Amino acid sequence: MEFSTSVYDSTHHSSFYPRESQAHGLSVSELTVFINRLLSTLELEELGTLYFQQLNALLPVAGLSLTDFDPRWVYGNAKISSTLIDLPLQGSASKGGEQAHAYYYISSPLSLSQREILFQLHDLFGKQVKHAVSHSRMKSMATKDGLTELGNRIAFEQAMIRQRSWAQRRDEPFSLLVLDLDNFKQVNDTFGHSEGDRVLAHVASRLVNVLRNEDEPFRYGGDEFCCILDCQTEQQLLCAAERIKASISSSDYLVNLGISCSLGGALYRVGDTTHSMFDRADSALYKVKSSGKDDYQAA
Ligand SMILES: Nc1nc2c(ncn2[C@@H]2O[C@H](COP(=O)(O)OP(=O)(O)OP(=O)(O)O)[C@@H](O)[C@H]2O)c(=O)[nH]1
């Protein structure tokens, strides 16, 4: 389509806006394509700021000046006048259940037709944002464990692929720890499933707190967790396992419920697949389980 090269230059964000002189002539479908292309280049976290940036960029289409233009994020409602425009932000994060609104304070009163155009532009952009946000939520739901908020098994497998390719390129090993709770079934059986759920969430938060930023915990399934660790020697791996075990056994809540944990670890070897590495860690875990639990081993 011609406008992709003539009206927009996609090589850089700042040059991605419609050129003002041409913007007046844009049709709604051209604007939609423009906004879609913008969104496809954005990280969703940046959307809040960009939402305003793009709307500001589109204002000239309504023949508006940006002078004394003061857009703000506001939650809740405000009175609308010809110099105050209230635009609900579709799909925006809400605070206490209230939708966020963008309020535009404009120095000179707008005509009805200008306000109408502004609303239309906002609506158009808002719809794209809404789709992008729900897409991102769905993506996150697919890779996040709802109970513990850790990455789930899919996220673990994806992270392992990234980690293995990094290890191969850099010739730097990493480690995998598999953790299984001891006596967890007893909590479910004695105190009920929801207490069991609380235990799993508690263990997850302990893992998040005890691990370094470079390390990542996942809930693999049931009462089993995996940690991908930036440990390059067996000694470092065992040290991390000890730290995790100590963190679990220092929780009065877990100890009073009779919960401890068993861990098996494996260091990356050249040619390892996720499967082969997981199998080694899991067989180390199995040895710990069969020799009395509440301990760790590396394969
Ligand atoms: N509350 C709760 N329980 C779960 C969940 N997922 C799996 N479970 C239960 O977790 C238990 C895991 O079983 P096991 O690992 O054999 O139980 P365990 O008592 O820890 O056994 P050991 O590992 O030998 O100590 C089963 O009873 C499952 O029903 C969950 O999301 N919430």
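Just so you know, glycine gets a Cβ as well, placed from its N, Cα and C.
Per TrEMBL, domain 'GGDEF' is recorded for 172-299.
Across the domain 'GGDEF' (172-299), DSSP helix (H, G, I), strand (E, B) and coil residues number 64 helix, 31 strand, 33 coil.
Confidence annotation: the domain 'GGDEF' (172-299) carries a mean pLDDT of 96 in the model.
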